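Undergrad: TrEMBL lists these features:
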- C86: active site, nucleophile (ACT_SITE)
- H194: active site (ACT_SITE)
- E196: active site (ACT_SITE)
Amino acid sequence: MKSAVIVFPGSNCDRDMAVALEKITGQKPLMVWHQEYDFDKVDFIALPGGFSYGDYLRCGAMSARSHIMKEVIKRAEAGVPTFGVCNGFQILTETGLLPGALMRNAGLHFVCKDVKMTVENADTMFTSAYAAGEEITIPVAHHDGNYFADTETLDRLEGEGQVAFKYNEDINGAQRRIAGITNAKGNVLGMMPHPERMIEPALGGSDGRKLFESVMNRLG
Ligand SMILES: NC(=O)CC[C@H](N)C(=O)O
């Protein structure tokens, strides 16, 4: 599985993502700088966490309008599996590839800890290696993780199985404790927790591993 990791000024989880992808897929990902217009054909695109453009305006707002995102949007709309973690999730909502918005945490504090969450839908290309309802522990580190969407959108997301993960407890005020969602087609996933930081016991656990394995199983 050949992957690309998109790098913006202020990304700080790009190397964590690259290490996880290389360890799990056995192939070094392409690191793509935001000023590029195009990049080689890949099977998987990752938008890593961080503080792109210093989180100015709104988290992810400036990255969403960068050169490279035009190409990412084109490929995601054509069906390429696209995965945004934390700041990557914020970028995906800012582009409109995913619905809703990530607002300031309800407690107005940066939240940095391991959280328990539940796999709400194990029937997606990103979650199929998990069991439905499986409880997993994954770290979060964000100040804008408070997922918001209007009631109609939330009902649709839940009704269509687009809620991939929910926190077991309220950690940031997110509506319906939503931690990660997919688009309607199922090839775009955004989530606030960082599975790339939980891929082996030396990191405190391996619960993030199955996410990458799910995609690998699907792509063959
Ligand atoms: N770890 C991250 O990606 C941080 C995301 C974002 N800048 C926030 O703090 O909300």
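Using N, Cα and C of the backbone, Cβ positions are placed for all residues, glycine too.
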Undergrad: Return one of helix, strand or coil for H194 (active site), based on DSSP.
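TA: Reduced to three states, the DSSP call for H194 (active site) is coil.
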Undergrad: Of C86, H194, which of the active-site residues has the most Cβ neighbours inside 10 Å?
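TA: Neighbour-count leader: C86.
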Undergrad: Between H194 (active site) and the residue listed as 'active site, nucleophile', find the distance joining the two CA atoms and give it rounded to the nearest Å.
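TA: Rounded to a whole number, the Cα-Cα distance is 7 Å.
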Undergrad: Work out how many Å separate the residue listed as 'active site, nucleophile' and E196 (active site) at their Cα atoms, rounded off.
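TA: That separation, Cα to Cα, works out to 11 Å.
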Undergrad: With every protein chain in view, how many other Cβ atoms are within 10 Å of the Cβ of E196 (active site)?
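TA: Looking across every protein chain shown, the total is 31.
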